[in-house]
Structure formats: C-alpha cells, structure tokens
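*Asks:* One structure coming up, written as structure tokens, with questions to follow.
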Amino acid sequence: MSEQSSVVVIGAGLAGTEAAWQVAKAGVPVTLWEMRPFKRSPAHHSSEFAELVCSNSFGALSSDRAAGLLQEELRRLGSLVIQTADHHSVPAGGALAVDRGRYSAALTSALDDHPLVTIRREEQLTLPDPDQIAVLATGPLTSEALADDLRAFTGREDCHFFDAASPIVEGESIDMTKAFRASRYDKGDADYINCPMDQDQFLAFRAALLDAEQAELKDFDQNSATFFEGCLPIEELARRGEDTMRYGPLKPIGLWDPRWGDVNDRDVRRAKRAYAVVQLRQEDKDGRLWNLVGFQTNLKWGEQKRVLRLIPGLEQADFVRFGVMHRNTFLEAPELLEPTLQFRRRPHLLAAGQITGTEGYAAAVAGGWLAGTNAARLVHGHDPMQLPHTTMIGALTHFISEAPSGKFQPMPPNFGLMPQLQECIREKRARYGAYRDRALADLQRTIDESQVDNVVCTA
C-alpha cells in the first residue's frame, strides 16, 4: 500500500455509494461524507443513500440498448448499486425500475454495516488535502460552499443545466374505468397504466399547460435557462408545438385498450385509437404508487394538481409528490479529467457521477465504479485502469475526457460514442447486438487481465 492508506468519498448518491463500496471491497478503509439529513438539496426528500430524485427507472434492460448494455457491464463488474436494483426491481415493461424506498434503504444498510466504511453525516465544505486520495461524487446539486472551493481549484466557472422530476400519484385514486393496463406493443406484461385522450381532451390539456403558472427558479436568469434535452419539462414540450408531446411521452402508438374492440380490425382501430396517451409507471413493489412518465415539470404545486387532473382517469388523483425542478452543475470535464476520472492537476482527486458530465443513473453508477476502483488501486500502489473504448463505460469516460472543450454538454450512454464495427451491418438491432457482443468480450478480457474483483454482492 501507499503511504496514503485510506480514501475519502464525498457524496452518497449513486456514484458515491458505488465508489465507497468498491473501495471497501478492495480492502481499503473509506470515509463517506453525506450532508443529508442536516442539509438537504432542493431535490432530495430523504436521508438515504442513492436516492433517486427524478425517475425510478434505470432505462431499458435489453443489452442491445445503450442503457441496458451499460447495466450489463456493471453487473459483470460486480456493481453493488446495479445488483441491488435488480433485487428491488418493480414491473416496468422492458426497463429496470426500482422501488425507491426499499432500494435506497438497502444500499444505506449495506454501507452502514461494512466494517471498512465510516459514515460522516455532515457537509464537506472544501476539497480534501492534495495528498488525500478522494472521490468527488457530490452530484449535480453540489453544495454552495464546496462548489465555490471547486471553482477556485479548477479556475473555471461550472457549467449547468436545469433538470426536473415527475409527480407521483396513489394507484387507488386512478379511475380504471377510463385508464387501462398495457405495455407498448404488448411487450411483456401489462406493466403501465395508460390514460388515453381524444383530440379535444389533448388540446384542452395542452392549453392548460401553456397557461399554468410556473414556480420561480432561484439563482438563474429565466430567459437563459438551459434544459437537458433528455429530461425536458412537460410544459417546455407543450411550448415547442402542438404535436411535440404526441411524438414524445404522450405518443399513442402501440397502446390499445381491449374494451375498444378488436385491434386487428382496421375500421375499429381507426375509429377508436387514442389521439394521445399518458403513461404511469409503477414506483413501489406493492403497486400503490405510480409516476407520470415523462412529466418532469416546474409548475407550481397547485397548478400541477389542477392541470394534471384534466388527464382522463386522473380527475380524482391523490398526489403523494409533486414535480420539482433544480439546477444541475457539471464540470468542464474535457479540460479537467483523464479517462481514469482523475483530475489532471491533482491525480489523487477523482470525480464520479453526474458532476462529470455523464447523464443518467446507470452512467453515474459507472463513474462511481471506475473512480472507486481507481482510488483503491492508487492506495495499493497500482496504476489506475481505463476500460476499453469499445465498452459503453469506456466510451463514456473517453468522451467526457476528450470531447471538444468550450461547448461541452452532458452525454447519456449511446452507441454513437463507440468505435465503428469492422463490418457494415445495416439492420439496427443486429448492429447494436454486434456492439454489445464486442463490448462484453472486451470487458471480460479486461476483467481477466486486470484481476477485477467482480464477485456478486447484493444489499
């Protein structure tokens, strides 16, 4: 081991939780700092680790999808956070979604019970000493004091965009005489509740969205607010055009209520098909709570209740959580980070999670895995590792460290980040399958060569 025989991890979100676990699993003592519950961000509701503040979904499960491939790579690397998500999953069609409460509680208990993990429930006001091996995993809602110190260290103003979370309603309050259970194109079980609209209902709903009063966002210019395109507020989609929502979260294609008649009868299909459909996804194991898919919003809470109750089936909906919007901060990673997630100016300091400019839950976990693994390797006196560019994790970390600087924006996992295949495959699913096969083969080779400890450990 090096003279520095312990690691500090700041932030117990998805990335910090994974990082701390990987450090401890490598036999290295780790101190995990988390400011909650004594100081909360605008988006958090609990003091549990790895709280999911937006959706409860990690994205598609299928490994020929970008998010699904990222999840599968993490499973094979022994990710605690992903394996725990598998254990606490709820029905969500072809996606990996979890019971938020049980999921976060399980991860909190796993770290609390680990003999090498020390938890400090207080705010970290400054970056650790330069000689301290540390992982910065404070997320997009980094506290003001630490953000100020980070700006002083990097010599740069942080970048930011605005993100939002969807409302959640009680399942018993949904009128199932108007709504119906189904998954799109009948894939898998009928895991979603669907609220169909005709054209008049949709236009009235859109008009109400456009007229609704928004909550005031602090510390930013309303006219220059930047949103992440993958998580736009529903009212922003409404502003972009009459059909924008219908080609986004409210698209009706592939959803049919058997009460309408025979879907294979063309005349029935033309007469009965919905103009738009609002989908709700299960939040908990018992199916008592449901979130409105794609309904991130910054409307005032009273306005949310008024407008969302215009949706057929939700006229008497009981809201257990309203949508909120918050500022997301991220680093100018191409200027600051190596593909190992070390800061170029301070190799003992690593960054992980959404603060690095990756987008999505699974990407945050991936950053936590790599930063935690490399922090432990530094303690043991080993060189930090990179994952192959042909893996989804490697493609993401290479992108954020090598992208053109100046206009850097958060990036979700996608196959466009990966090196092209040697052979030309025109059919998309087959092409994505080939990307997957190459990625998993190269990942296994790296696991074998680097002696990665990928023992399955679930909370």
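Quick reminder: no glycine exception, Cβ is built from N, Cα and C everywhere.
Quick paste of what Swiss-Prot says about this protein:
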type: BINDING; residues: G11, A12, G13, L14, A15, G16; note: FAD binding site
*Asks:* List the other residues in this chain whose Cβ sits within 8 Å of the Cβ centroid of the FAD site residues G11, A12, G13, L14, A15, G16, in sequence order.
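*Replies:* Other same-chain residues near the FAD site: V9, T17, E18, A19, F49, A50, A137, T138, G139, A352, G353, A364, G368.
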*Asks:* Would you count the other C-beta atoms found within 10 angstroms of the C-beta of A12 (FAD binding site) for me?
*Replies:* 29
*Asks:* Around G13 (FAD binding site), which residues of its chain at least 6 apart sit with Cβ under 8 Å of its Cβ?
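*Replies:* When sequence neighbours closer than 6 are ignored, G13 (FAD binding site) has F49, A50, E51, A137, T138, G139, G353, A364 within Cβ distance under 8 Å.
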*Asks:* Counting other Cβ atoms within 10 Å of each residue's Cβ, which of the binding-site residues L14, A15 comes out lowest?
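*Replies:* With the binding-site residues L14, A15, fewest surrounding Cβ atoms within 10 Å: L14.
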*Asks:* Where does A12 (FAD binding site) sit in DSSP terms: helix, strand, or coil?
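*Replies:* For A12 (FAD binding site) - judged by DSSP and reduced to three states - the answer is coil.
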